[in-house]
């Protein structure tokens, strides 16, 4: 019984990481209404940047992580102004194709720069530190920090996008861009701010992933798949739903792995499919 | 006294298509101008040119004495022009209150706030937490008007506000317009319902194929003159 409880707790913490993977996609799909196929690769690119900052430049992991956040915001802002904005003025399909192309470029670029080896960022004692809860149950400090970060990010995004004027304006331009222009909203600038937010979530996601798990240049597609499943399970526009979705996928993977390690990933996909068929609008849709 | 809005020799182009041909329109402070004409006459293009939402114009647009011909839409709205667009153009997945607040975010500071809009349209207070897409057509039109009022404009452009609404709702909407004028706001009405529009207007401008075919005070012209300028007979 304690073993089962332990598995549930550990899986829930992993769900926090999955939720962070999905947050950027939840903004772009659920709020901005466009699909960013390069989302997983941008997360992996941030992981590699974290690797460069810590290993090549010798920065401590917390400082490298702190640097990653403004870099992520700048990257999102630049991608929107330099690339996506031009596509958005053409048609919606074009922007998907452009993000697909960006994904290919990022994967091959990372492969050329860093090689195909699996990598991981070393963050020192925090990786092994744990807290004793009760009985035989211990939880890792790093997974706990990641879960707490997911909660803080979600609360912040909920507050920003649903309780502030900036958030209302961002949702308005995504909801009806033509109407937004008619009422004087500065669509290009607001989209760039929104994509900067996406960039921040990708930086946080990539930075934390680089410490917790291994990654290589081709890891982006599996992260993207998890992120998609989590966002669809959550329902469009729901950030707390993203956390629930992440925990559900992580729990399914954990219990699938308990049956047979070969079923670990498959179990997540199967549970996603079952829930999707039962509730295609997601668990907590906001619109 | 200088006019609040002056269009001088205004031309509107959509690519190679010349939509509006050298029109001159003036709207004084507190005045209601009715812009009438058949479909395709250039009425909506004129309103879109005033708000800065057409690809290319030539000529001059002065607002409160200032040349705004080259200004962006946000600048025009911030200086006191608001549009109630044809088809309402609300944000369907934003609540009623969020739709109204968009007007406050893009407009200029002023006395009109949510309380005033809810006083004009009490039904919106009851439905303030509902998504705009869940409202009836008439209620959506109230939100569109309320959003424009939240911009604290000096001039409101109404584009086909009765389109697709029942006669009862149209009557309700038109009852509100005098209350808006009482606040000192100027209005330009583009409307299919000519008699209702002319009944409210201080001046009218009739357009035909992108040109002004007749203009003046409604009381000074006959129905036959209006019909002739409207249909081009």
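In case you wondered, yes, glycine gets a Cβ from its N, Cα and C as well.
Here is what TrEMBL says about this protein:
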type     : residues  : note
TRANSMEM : A:12-31   : transmembrane segment
TRANSMEM : A:61-83   : transmembrane segment
TRANSMEM : A:95-116  : transmembrane segment
TRANSMEM : A:137-157 : transmembrane segment
TRANSMEM : A:187-212 : transmembrane segment
TRANSMEM : A:224-249 : transmembrane segment
TRANSMEM : A:261-278 : transmembrane segment
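By number of Cβ pairs under 8 Å, the transmembrane segment (A:224-249) is matched best by A:12-31 from the list A:12-31, A:61-83, A:137-157, A:187-212. Through the fold, the transmembrane segment (A:137-157) approaches residues 2, 5-6, 9-10, 12-17, 19-20, 23, 27, 123, 126-131, 197, 201, 204, 208, 211-212, 239-240, 242-243, 246 of its own chain, all at least 6 residues removed from its boundaries and within a Cβ separation under 8 Å. Counting same-chain residues at least six beyond the ends of the transmembrane segment (A:61-83), those with a Cβ under 8 angstroms from any Cβ of the stretch are 42, 46, 49-50, 53-54, 98, 102, 121-124, 126, 188, 191-204, 206-208, 211.
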